[in-house]
Amino acid sequence: MSLSLLLLLFLSHLILSAWAHGEKHLAPKGQPGPAATGRNPGGAGGSSTSGGTTSSSSSSVSSAPGASPGIRGSGSEQGSFQWSPSGRRTGSLYCRVGIGFHLQIYPDGKVNGSHEANMLSILEIFAVSQGIVGIRGVFSNKFLAMSKKGKLHASAKFTDDCKFRERFQENSYNTYASAIHRSEPAGREWYVALNKRGKAKRGCSPRVKPQHVSTHFLPRFKQLEHPELSFTVTVPEKKKPPSHVKPKVPLSAPRKSPNTVKYRLKFRFG
């Protein structure tokens, strides 16, 4: 009897200890333990710290680039014209009128021509739409524009006055006409032109015609020199068949021609 009682007591003790251990594991994780309660009495400091961390993380996420696609494109980008980097042509526009002038754009808005190419004559032509281009001075960072009175000037912002229609002529020159301004009764287009002294002409002038040399501009763009593409082809040499060497026959001594004897026939009669 004593052994059976001891065994029962031992088994009951094991069952109770196992049940208590299982209750500890099943307890909810959200309840703070005694160690946590002792470190942060009241829970106010922890909540404020967690709230501050959450707000700082949310602010960092919102300020990260690409977090809000709607913000992209606002700010300074809305006030300036963004052109595609592909298809840009950088160089100068040479007008063959007079002694020849390069179209140049000044930072103060002045537009004229210079015989010698300089920093002001470096232009950048970019496409706006099909057949429509814009012209920007690289040094002045201003756009070529034509007012409603036909006067050429430089604009700090890209507007409709800065749009020109580019046409290729048969003599390899280009003409640039305003895309929005033209003579209303006849519908004649207004062209970018320079006079013989290099001054800008008004596009509304009846003398400014696409057939005149004052409206012809030759684009001079710097193209990168590509390395010469070449390759070497090795042509296999045809092996010549070995020439058969004829055996040398020793030259025999020339045969002596035998002495020829002439026989005369003698006919005897009687």
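Yeah, the Cβs are placed from backbone N, Cα and C, and that goes for glycine too.
Swiss-Prot lists region 'Disordered' at one of the ranges 153-173, 237-257, namely 237-257.
The 10 Å shell around the Cβ of Asn112 (N-linked glycosylation site) contains 18 further Cβ atoms across the protein chains shown.
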